[in-house]
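Asks: The structure's right below; bear with me while I get my questions together.
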Ligand SMILES: Cc1ncc(COP(=O)(O)O)c(C=O)c1O
């Protein structure tokens, strides 16, 4: 798959590191070797997975003459923080529509990503109740901005459409080249699975390159059936866009829903343990909503013997650490 044919802005200039985590692996019993792909170190304000997707989405926005970006997310959205940061860099206005998925969770003075929205000069924040039609809300805002003479471009939640997911097809290709350069045979990959663009893109990249590396997604909100359906649909569309030969094999998508806990963004004991353990063994920060719950999943899969002894397991660290500062009470 030749991704060079797709316009992008060049936000990702160098491969993110793949780090060995010997102390973390030892703390989990030492039978599995954990490696981490550090997409938390991507460029853009405070790093994280959305930069790879926005690299392609922003190119599309600019090609269409946009002067204003509209996107949406949860009240502590990392995606909104990164979209705003790249809009600032491109000299574009940025408006956010925030979904209060947990009633009463939007606090105008909250720390974490919310603080950064204001620091980076967001043009407007519209807060809507959980379950709202987010695309409808963004389209209504776009209509008002058009009337005021602007040229808005809507980036869907998580930048999870085939344009954005192409960024994670590219990440899979980058990873395979790095593993070759390192002489490292990875047996399994574990990724957080939310709005699905990351998971779908990685699977398309792995399958499309015949990598033979199974990928497990760890859900952060939905049930296994719902999340697998979402990832498969986006993977099929992305596979078609990037010119993967043959039908996308649905069985390449596997999700685990046992680590969501009481719901999206609500803390779990296993998340807190995973965040602490990685911080205290490797000095790497996860986040409470995505990478922390995904790592809780990996920890449990290691302890329950899901991976064969001696396996090399690669965890995709998608970032999110600014959200930690909105969860100080959880870690007391
Ligand atoms: C830090 C972090 N990790 C993982 C995800 C999930 O990625 P995706 O939405 O592509 O499934 C998100 C989504 O917002 C995120 O912010």
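Glycine residues also receive a Cβ, built from the backbone N, Cα and C atoms like all the rest.
Note that the structure is a prediction, hence the values are computed from the model and not measured.
According to TrEMBL, the protein carries these features:
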- 77: active site, nucleophile (ACT_SITE)
- 15-319: domain 'Tryptophan synthase beta chain-like PALP' (DOMAIN)
- 50: N6-(pyridoxal phosphate)lysine (MOD_RES)
Asks: Give, as a single whole number between 0 and 100, the mean pLDDT over the domain 'Tryptophan synthase beta chain-like PALP' (15-319).
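Replies: Summarising the domain 'Tryptophan synthase beta chain-like PALP' (15-319) by its mean pLDDT gives 98.
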Asks: Give me the count of other Cβ atoms within 10 A of the Cβ belonging to residue 50 (N6-(pyridoxal phosphate)lysine).
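Replies: Taking every protein chain into account, the count is 36.
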Asks: Between the residue listed as 'active site, nucleophile' and residue 50 (N6-(pyridoxal phosphate)lysine), what is the CA-CA distance rounded to a whole number of Å?
Replies: 11
Asks: For residue 77 (active site, nucleophile), list the number of other Cβ atoms lying within 10 Å of its Cβ atom.
Replies: 27
Asks: Does DSSP give residue 50 (N6-(pyridoxal phosphate)lysine) helix, strand or coil?
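Replies: In the DSSP reduction, residue 50 (N6-(pyridoxal phosphate)lysine) maps to helix.
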